[in-house]
Amino acid sequence: MAVRPTRSDPAVPPEIDGGPRGRIRGEVVVVVGVLVALVVLALAVVASFAIGARSIPPDEVVEALLGRGSLSVVGIVGELRVNRTVLGLVCGAALGAAGALMQAVTRNPIADPGILGVNAGAALGVVVGAAVTGGLGLASTVWFALVGAGLASAVILVLSASSMAASSPVRLTLAGVALAATLSGISQAFVVLDEQILDAYRYWQVGSLTARPVDEVLGVVPLIVGGGIIALLLLRGLDAIALGDDSAISLGVRPGWVRVWSLVAVALLAGTATALAGPIGFVGLIIPHLARGLVGPSLRRVVPLSMALAPALLLVADVIGRVIGGGAETPAGVVTAFIGAPLLIVYLASGRRVGVT
């Protein structure tokens, strides 16, 4: 027997609420949510410039960004922290959007490019590219990363459509974890056979914002912009699919095409981010839930907000890694894992209460 969607269903867009008062209240909530996200992002950027093994006052940060001040401060801010901040903004936006898309397409609230193996597929692509080209240079590996992410996304899409996985988010998550472990094992096999890339890979594989200069990052930004544009164009269709495929078709949406193009967007976003910074997990898991808490379940609001909140989380994780590591920095991917893994465990442990079996 079909169940009529209710407003309390997190998959139902708020537009079905109807009524001018409800719409006005919804718009106020959206404005407040966007303002909160922008303030948090701005604070994270300031912290990224100012805080580290050596903390720098904000006025000296501004002077350094303008090319003035002491040479040591200009070197720290203008060369090191600007690179990390730009990389965090780009990769965070990509991972936030990819996570929101994956949760929508798979109808799985605990979907994430890291947990479900998309990042591991991209990482395997990078390793294969490094083995073929002889190094971990971005220009020579990013295309391999996109292929690896695309293939992993396709596997997850097939699994999410199967009756067993579709019946339980936990089953799909376990399948994704198994896929990620398999792909990571293959990556390790490639690495141990090539000592030339072993040292670089050991640090890169945990996810870090220290590896890329700004010009190298900006060179692949068009790939992330392309994935972001595709994602934004799909939002109406994804909101319709949240009501069920039959309802989506009645609204003129083709669910199959929406899912395929979502796969393309996820591959572009997660694949490029992984090639840039390594396989950073849990960002795409946590942020869409925070965004939904601020602006409701409509993807037309959740995805753009996730693209603002995720960079803030990644930058904060990077700052924490600089501080707690003392002289030796803790990679951002390790910090996000410490934040995200307990949240995932709590979510799975409360599965009976939230309808996850």
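Cβ from N, Cα, C; glycine included.
Unlike curated entries, TrEMBL annotations are predicted automatically.
According to TrEMBL, the protein carries these features:
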{"type": "TRANSMEM", "residues": "28-51", "note": "transmembrane segment"}
{"type": "TRANSMEM", "residues": "86-104", "note": "transmembrane segment"}
{"type": "TRANSMEM", "residues": "116-136", "note": "transmembrane segment"}
{"type": "TRANSMEM", "residues": "142-160", "note": "transmembrane segment"}
{"type": "TRANSMEM", "residues": "172-193", "note": "transmembrane segment"}
{"type": "TRANSMEM", "residues": "217-235", "note": "transmembrane segment"}
{"type": "TRANSMEM", "residues": "256-282", "note": "transmembrane segment"}
{"type": "TRANSMEM", "residues": "302-320", "note": "transmembrane segment"}
{"type": "TRANSMEM", "residues": "332-350", "note": "transmembrane segment"}
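Here the transmembrane segment (332-350) does not lie next to the transmembrane segment (217-235) in space: the count of CB pairs under 8 Å, restricted to residues six or more apart, is fewer than 3. Here the transmembrane segment (172-193) has Cβ contacts under 8 Å with residues 106, 108, 110-111, 114-117, 119-121, 123-124, 127-128, 131, 148, 152, 155-156, 159-160, 165-166, 201, 205, 348 of the same chain, all six or more residues outside its ends. A Cβ distance under 8 Å defines the sequence-distant neighbours of the transmembrane segment (28-51), meaning residues of its chain 6+ beyond its ends; these are 57-58, 61, 65, 77, 81-82, 84-85, 88-89, 291, 294-296, 301, 305, 308-309, 311-313, 315-316, 318-319, 322-323. Of the ranges 116-136, 142-160, 302-320, the one with the most Cβ pairs under 8 Å to the transmembrane segment (256-282) is 142-160.
The transmembrane segment (116-136) shares more Cβ pairs under 8 Å with 142-160 than with any other stretch in the list 86-104, 142-160, 217-235.
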